[in-house]
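According to Swiss-Prot, the features are:
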- CYS144, CYS147, CYS197, CYS200: Zn(2+) 1 binding site (BINDING)
- CYS161, CYS164, CYS183, CYS186: Zn(2+) 2 binding site (BINDING)
- 5-70: domain 'J' (DOMAIN)
- 144-151: repeat 'CXXCXGXG motif' (REPEAT)
- 161-168: repeat 'CXXCXGXG motif' (REPEAT)
- 183-190: repeat 'CXXCXGXG motif' (REPEAT)
- 197-204: repeat 'CXXCXGXG motif' (REPEAT)
- 131-209: zinc finger (ZN_FING)
Amino acid sequence: MAKQDYYEILGVSKTAEEREIKKAYKRLAMKYHPDRNQGDKEAETKFKEIKEAYEVLTDSQKRAAYDQYGHAAFEQGGMGGGGFGGGADFSDIFGDVFGDIFGGGRGRQRAARGADLRYNMELTLEEAVRGVTKEIRIPTLEECDVCHGSGAKPGTQPQTCPTCHGSGQVQMRQGFFAVQQTCPHCQGRGTLIKDPCNKCHGHGRVERSKTLSVKIPAGVDTGDRIRLAGEGEAGEHGAPAGDLYVQVQVKQHPIFEREGNNLYCEVPINFAMAALGGEIEVPTLDGRVKLKVPGETQTGKLFRMRGKGVKSVRGGAQGDLLCRVVVETPVGLNEKQKQLLQELQESFGGPTGEHNSPRSKSFFDGVKKFFDDLTR
C-alpha cells in the first residue's frame, strides 16, 4: 500500500517552515499519543506515521532527499550509494519536542506520578467566615507497605529488562535510519518484576481509605480550592504522589447573603418606626448590635455596618454588613388601631396626601397627566 505524503500527515504545506512543522507535530502527537489512546491500534499507527514524518521534515538533509525522491529516498538502495549511511543514529531526533510534551522522550520512562484527587466539602457560612478544621475520609491508592512501592516480593528486586537492557528504549530500523521507541517488553521502565508482591500483585500500590485533618482558612467562599500536596494517590513504583484538592461549597444561610466580602440581610420594621425613627437590634455573625433608624426611612434603604462582613482569605480589609430595611404593612388591626390610622390618613389630606407622601403625589400627578394627554 502506498505511503501517505509526509506533508499531508502533518497537515502542512511543502513550503512550511520548521516552526510550523514543529507546531503541527506537537498538536498531533498530543492527540494520538498511546498514553492517551490505550488499546487503540489505529491511533498507535497514526502516532508512528506522525513521528516518522516529523523525523524527516525537520532534518534539512532528509527533507531535501524526500522532496527530490519521495519515500524511495529511505528505502534500502533507494538512493544508491549516495544516501546518509546505514550506520547513522538518529536516537535524539525527538528530544526537544517530544520531551517537552511528555516529560522526556529519551532514556528510561519515568514511573507515573500519582493521580490528583478531589473532595467536595460543604461548609456553613459561619465555618467559611471564621475558618474551621475538619476531618475527612477518602478512598485512595497508597504505597504498598509490604514491598514499599517496588512491586517486587520482599527479598527480591526488579530485574533489568533483557530487551532494552535497562534503557527503556529499543532501536527500530527504517531503511537507512534508526529511530528509538518505548520498549514494548517493560513499557519503558527498564525493569521487569519476576516475583511480584503478593499483596499488591506487582503494582506497588493498594486501595485504602485514609483520614485527613483539613484546616480551612477564614474567608473561603464557594468555588475556592485548598491544595494538600502529596495527599493524592501514590505514584507508581515509588514515583511522587499526587495532590488532594478540597473544593469548597458554602451552604445557603437563612439570614445572610454573601457577595464577595460583604454580607447582606433584610431587616423588617413597622411603619411607625420608619416614620418616626428609633433604635433596633440587627443580627451579625458576632451577635446582635444596635442600629439607629432615622425618621422618614423608606423601604429599600441600606445601612452599612463597617467591618461586620467577611475577612478576605487573601488578606486586605474586612467586608461590611449591609442591612436593607423593609417597611411592613400592619396586619390583624383591631378597631381602635383602624380608627387611629383613619384619623392619621385624614390628617395627611386623604390617600394621596401631597405634603406627607411626596412619592405618592408624584406618582398620581404622573397618572393624571397620562390620562389628560390621552383625551386631548
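Cβ from N, Cα, C; glycine included.
Positions of Swiss-Prot features highlighted on the structure.
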residue : record                : Cβ contacts under 8 Å, 6 or more apart
CYS144  : Zn(2+) 1 binding site : GLY151, CYS197, LYS199, CYS200, HIS203, GLY204, ARG205, VAL206
CYS147  : Zn(2+) 1 binding site : LYS153, PRO154, CYS197, LYS199, CYS200, GLY204
CYS161  : Zn(2+) 2 binding site : GLY168, CYS183, HIS185, CYS186, ARG189, GLY190, THR191, LEU192
CYS164  : Zn(2+) 2 binding site : VAL170, CYS183, HIS185, CYS186, GLY190
Worksheet item: So around the Zn(2+) 2 site, CYS161, CYS164, CYS183, CYS186 aside, which residues have their CB within 8 A of the centroid of those CB atoms?
Response: PRO162, THR163, HIS165, GLY166, SER167, GLY168, GLN169, VAL170, PRO184, HIS185, GLN187, GLY188, ARG189, GLY190, THR191, LEU192
Item to complete: Other than CYS144, CYS147, CYS197, CYS200, which residues of the same chain sit close to Zn(2+) 1? List them in sequence order, counting a residue when its Cβ is within 8 Å of the Cβ centroid of the site.
Response: ASP145, VAL146, HIS148, GLY149, SER150, GLY151, ALA152, PRO196, ASN198, LYS199, HIS201, GLY202, HIS203, GLY204, ARG205, VAL206
Practice prompt. Provide the number of Cβ atoms within 10 Å of the Cβ of CYS200 (Zn(2+) 1 binding site), excluding the reference atom itself.
Written response: 22
Discussion item. Around the C-beta of CYS197 (Zn(2+) 1 binding site), how many further C-beta atoms are within 10 angstroms, looking at every protein chain?
Written reply: 22
Worksheet item: CYS183, CYS186: which of these binding-site residues has the sparsest Cβ neighbourhood within 10 Å?
Response: CYS183
Item to complete: Could you break down the residues of the zinc finger (131-209) into DSSP helix, strand and coil, giving a count for each?
Response: 0 helix, 35 strand, 44 coil
Worksheet item: Under the DSSP assignment, what numbers of helix, strand and coil residues are found in the domain 'J' (5-70)?
Response: 51 helix, 0 strand, 15 coil
Item to complete: Determine the mean pLDDT over the zinc finger (131-209), rounding to the nearest whole number.
Response: 87
